[in-house]
Amino acid sequence: MEFDWWQLTPRRELFSVPDSLAALDSRGMAFSIEERQAMGIHGLLPPRVKTQEEQVQLCKLSIDRYEDPLNKYIYLMGLLDRNEHLFYRFVGENVAEMMPIVYTPTVGLACQKYGLVYRRPRGLFITINDKGYVYDILKNWPETDVRAIVVTDGERILGLGDLGACGMGIPVGKLALYTALAGIKPHQCLPITIDVGTNNQGMLDDPLYIGLRQRRVRGPQYDELIQEFMEAVVKRYGQNCLVQFEDFGNANAFRLLEKYRGKYCTFNDDIQGTAAVAVAGLLASLRVTNKQLSDNVIVFQGAGEASLGIAELCVMAMKAEGTSEEDARGRIFMVDSKGLIVKNRPEGGLNEHKEKFAKDCTPIRTLAEVVEVVKPSVLIGAAAIGGAFTPSILRAMGDNNQRPVVFALSNPTSKAECTAEEAYVNTDERAIFASGSPFPDYRTKDGRVLRPGQGNNAYIFPGLALGILCAGLVDVSEDFMLLAAEALADIVSQENLDQGSLYPPLEDIQECSVKIAKKIVEHAYATGKASVQPPPLDTEAFIRSQMYDVRYGRALPPVYDWPHDTPKVNVL
Ligand SMILES: NC(=O)C1=CN([C@@H]2O[C@H](COP(=O)(O)OP(=O)(O)OC[C@H]3O[C@@H](n4cnc5c(N)ncnc54)[C@H](O)[C@@H]3O)[C@@H](O)[C@H]2O)C=CC1
Ligand SMILES: CC(=O)C(=O)O
Ligand SMILES: [Mg+2]
């Protein structure tokens, strides 16, 4: 005899009508008939029951209907608002296609138009006017079990400059990758924008601008707000809550990293995460060039967060090869907006970070001249000057090296120093190329397909964060960054290298995150820095057990979270 679904008592008392309508979104037509009955939502959905796989196919059809990437972004964010499981499954199964939308380059466009694309609340805004009340604002966030925060003050959004409160797209996008690429549970992630104003006149004049209409507050007021924020995070979520600093302006990024590292569970993604992904690419390139890192001469276009972070980690990696610090620094040349960084620069103005790489020679003004004089084997761009690697610079790299290494790391695509095609065409297809934003495959004259890898910190921060959370690591010291770089480089296969990529394919990025996390956790225990006790018997199994399951769970009976009033420490 067939079961009569109507015999189940609808549990209407648990859901008001708006509740049930909102609940519908969480899995839509995937609710079984039994679930629909029990939840009192029978009839509110079309009769057919769909599998999540079928829903994923519908997502693909839906997003493909949009030509404009910003519309694809709006579609994806809408999906995230409605149905988290489906969003993460869809993005996770289509990483190569969806990352350019959730992340660079489209997220840059979304930030520039955030007032236009903003639909529903996502993340917390803390303004300079909230000084004294930051903890109260954190208390307004409905989730109590937050383990990871990505915070920006919007001053240097990708290479697009100061976008003020519209920078919120970046923490939202980065944390979407925390879950999509490393399985960190979405409810444990909190995007935050600290709004102290913006110096971007275009934003201030824009009727759609969503932030405070004032110029940036700097000095003690700013520092006090950030300090209050850090303390409030610990008070609300515990000392193991990770705070990833993202897209702060140069001066604040370095200052705040120095101030908070070792005292709070924090890292700066633009300085440290970028360093790890670039060094991973360089380590992988050594298998093509048959060199040691210390055999290379590296020129950086840009001497900011990304470049200095990479340069310092290169020094660490060269020292690990047995090279002295002096020799290592001697192999690294940095070019900023005023030219090659040299001692006794007439204009002065070298900060302590740049000073360490200053060369004892006469000033050289342009990158082209530096390349001509220094003859680098590696050229790395992170100055947000689109097209800075001109065809003649690339040709010089090709003339001076059998396999020149060229990294165009600036984001978004419009700021890339050169395209993959330009790098290949101007070096007789000998360049070993990577870029911050994705470039399409390139077909060589003899018909091979080169798949340029994406040298983007997205290969690092999700796995790094997963490892930090699983180990309960608070002091994210530089050895963890080198370890993450080595772990990522180790994953690169000969096939990847043969296809011109220094990174594993984006399709494998979730597995990369687990491998990076494993190394982080093992090192945290080996160095006595892990606070989760006892140590797991099987590290990888433990990590996997903590990860978010994109499949729908059972909808019956309704599950209510235990009300955590106090932060839970060390338990994922
Ligand atoms: N691929 C990746 O994972 C990452 C890429 N980036 C990208 O790197 C770029 C720079 O970011 P940050 O280093 O954080 O910025 P930053 O503001 O700290 O540094 C920019 C540097 O570029 C230099 N610069 C400006 N104009 C120049 C010119 N005409 N010639 C030479 N140098 C010049 C500045 O003097 C400064 O040293 C951005 O486009 C950002 O999106 C940043 C972090 C990660
Ligand atoms: C990728 C990244 O963090 C940036 O471009 O700022
Ligand atoms: Mg960044």
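A Cβ is built for glycine as well, from the same backbone N, Cα and C atoms used for every other residue.
Bear in mind that TrEMBL entries carry predicted annotations, made automatically and left uncurated.
Listed in TrEMBL for this protein:
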ACT_SITE  Y103  active site, proton donor
ACT_SITE  K174  active site, proton acceptor
BINDING   E246, D247, D270  divalent metal cation binding site
DOMAIN    80-261  domain 'Malic enzyme N-terminal'
DOMAIN    271-525  domain 'Malic enzyme NAD-binding'
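Shown on the structure are the features that TrEMBL records.
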residue: Y103; record: active site, proton donor; DSSP (3 states): coil
residue: K174; record: active site, proton acceptor; DSSP (3 states): helix
residue: E246; record: divalent metal cation binding site; DSSP (3 states): coil
residue: D270; record: divalent metal cation binding site; DSSP (3 states): helix
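When Cβ atoms from all protein chains are considered, those within 10 Å of K174 (active site, proton acceptor) total 27, not counting its own. Closeness to ligand 3 is met by E246, D270, these being the recorded positions among Y103, K174, E246, D270 whose Cβ falls under 6 Å from the molecule. Excluding E246, D247, D270, which define the divalent metal cation site, the same chain contributes T152, R156, I157, I170, F245, F248, A253, N268, D269, E305 within 8 Å (Cβ to the Cβ centroid), listed in sequence order. The binding-site residues listed here are E246, D270; among them, E246 has the most other Cβ atoms within 10 Å of its own Cβ.
Using a 10 Å radius centred on the Cβ of D247 (divalent metal cation binding site) and all shown protein chains, the other Cβ atoms total 26. Averaged over the domain 'Malic enzyme NAD-binding' (271-525), the predicted model reaches a pLDDT of 97. Within 10 Å of the residue listed as 'active site, proton donor', counting CA to CA, the binding-site residues E246, D247, D270 contribute nothing.
Taken in sequence order, the recorded positions Y103, E246, D247, D270 that lie near ligand 1, meaning a CB under 6 Å from one of its atoms, are D270.
Other Cβ atoms within 10 Å of the Cβ of Y103 (active site, proton donor), summed over all protein chains shown, number 28.
Each residue contributes its Cα atom, and for E246 (divalent metal cation binding site) and the residue listed as 'active site, proton acceptor' these two points are 9 Å apart. For ligand 2, the recorded positions lying close by, meaning a CB under 6 A from one of its atoms, are D270; the full candidate list was Y103, K174, D270.
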